[in-house]
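What TrEMBL annotates here:
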BINDING   A:266  ATP binding site
DOMAIN    A:4-349  domain 'Glutamyl/glutaminyl-tRNA synthetase class Ib catalytic'
DOMAIN    A:378-504  domain 'Aminoacyl-tRNA synthetase class I anticodon-binding'
MOTIF     A:11-21  motif ''HIGH' region'
MOTIF     A:263-267  motif ''KMSKS' region'
RNA sequence: GGUCCGUUCGUCUAGGGGUUAGGACUUCAGAUUUUCAUUCUGGCAACAGGGGUUCGAUUCCCCUACGGACUACCA
C-alpha cells in the first residue's frame, strides 16, 4: 500500500522569505499536487535568538500571494499540530534521550570557550577539519570521558549541557537523492552534531527528523545547501529506528546571483537591481526597506511561472503555464542538477506575456486605481479603451498610468528631438486648418479625424508622414506611443484643439523655416 | 584547507554514442507601421580542457580546470 504523499516547506522565521525559498515552497507544492498529496507548512523556530517579529506572517502572505495553498499549517492547523517547532518543544527530549540510552548520543558539558580552544588547538596542529568527532570527543568534557557519578551530579545540579550525536568513526553513509542519485559520504566527515541545545531546544537536525517522522512526511524537497548534512539525517533515522519509513530526499540546485558568483541571499536585498523578496519587507529592527515582486508590479502568475522554470522545465516548447498546468506537468526527474543564475529579464518577459493575455477590462482597473490616486475621474469605458491601446507596450500594471498620463494631462514639456526635427512652418499651417475645421466634425472619432487630416494634406499636396510626428508632439509631448488618431479620439475635441493651440504657441521658435 | 555537488549559445535549457546540436530570453538585421512598441522573418551565438572505451563521443569512464554548497549550542 502506497503512502499518501506528504511534503513540507519548513522555513525559519528569521526574516522575509527570499526568492529561493519561494521556489522551494513552489516545488514542494507542485509535487504534492501532482501526486495528489498534502502540502504542509512547518515553522522551524528553534533558534530563539534569531526570531524576527512578522516573519511568519510574511511567509504565509507570500505563499498565499503565489497561490500556494497549504493543507496543514500553523494557521489552519491539522491532524499533526502543532506546526511550530517552538510549540513542539516538549516532544524532542525523549528522542534525544532514546539516543543516549541506545548509545548513539551522549551528554557534553564543554563551554563555548573550551570548544574554541579545541578548534584552535587542532588548527595549530594542522588538522584539516577541526571538529568534535570520534577522535576529539575523547579529550572533551562529556559523558563518555567523565566518571559516571560526575555526569549524574552535573545533570542533577543543573549544569548546562548539550546532547551530541555519537557519529561512528568509519562508516560509509549512503543516501539516494531523487535528483542526484546515490551520494556517498564517509562518517569521518561528519562531526558529533549537537542535537539538544543547552536552552532545551533541539537543533534543526534533530527537530526536522523527529517532526518529519511524526508528521509522516514522505518526501523532503529542500535546497542543495542541505546536501552535506543529509547523511547525518540518514544516521538519525537509522538510530531512531525509523529507517524503513525515511522520506525520500530531493536537493534542489541553488539560485545564483546573475554573475554566477555565489548563491542569491537575503542579504542581497536590492543591491542587485531587482528584488530578492516576493513581498516588500520592512526590517523591524533597522527599519530598512526591501522591495518585493508584488509591489514592483509582477503578477503572481508570471512570478510563479518564471520561478518554476528556474531549474525545471517540462521538456516541451511550452513556456506559459498556469499554476494548475505546472502541477499537472511537474516531475522531480526534470529538475536540473546545476545552479541557476537569476535573470530578471526573463521575469519581465513573463510579466509582459501575462499582462497581454488579460482582457482590457481587467487591465483598465490598474489604470483606474492610479487615476483615483491622482484624483482624475475617468469612465470605465475610456479606461478600457486606453488599456487596450497600451497593453502591447507595457511591462507592469503601473506603466498604464506612467506611460499614458497624456491621455489625461496636457503635455507641459515636448520632446526636444522631435520638435527640432519635425516642427516647422508647413506643419503648423496644417495644424491651423486642422484645429479650425475640427469643430465642424459631426462625429469626433479616429476615422473621421484621420479623414479630415488627409483632406487638409491633400489640399496642400503633402503626405501624412510629414506632419504625424509633429502632431503627436502637440497632442502628447512624446515622441512615441500608440495610434495617434486613437489618442486624439480619446482626448476629445476641445482638448485636442486646446493642445494644438498650446503647442503652436509654445513651439513657435522651432517653426522658423 | 577538507567533504560533497555541479559544468551544452551571454542567460534559462532540450537532446543524447552517428543530429545541419533544438527552443526561449537577450542582442542584431529586415518586413509591417504615422512614431515607438507589438507582430512576422532571418542572423550571431554552446557541448570547459586532456586522456581513455568505441568503427565513431558532446553523450559512457577517469583526471585536470573552473564554479558552487557545506564545514556553529543557525536554519
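Cβ coordinates come from backbone N, Cα and C, glycine included.
Residues of the motif ''KMSKS' region' (A:263-267) grouped by DSSP class, helix first, strand second and coil last, total 2 helix, 1 strand, 2 coil. Taking H, G and I as helix, E and B as strand and the rest as coil, DSSP gives the motif ''HIGH' region' (A:11-21) the counts 3 helix, 0 strand, 8 coil. For the domain 'Aminoacyl-tRNA synthetase class I anticodon-binding' (A:378-504), residue counts in helix, strand and coil come to 93 helix, 0 strand, 34 coil, using DSSP. Below 8 angstroms of C-beta separation, residues 41, 43-45, 47, 50-52, 55-56, 58-59, 62-63, 223, 254-255, 263-266, 275-279, 281, 283, 290, 292-293, 307, 342 of the same chain, each at least six residues beyond the ends of the motif ''HIGH' region' (A:11-21), sit close to that stretch.
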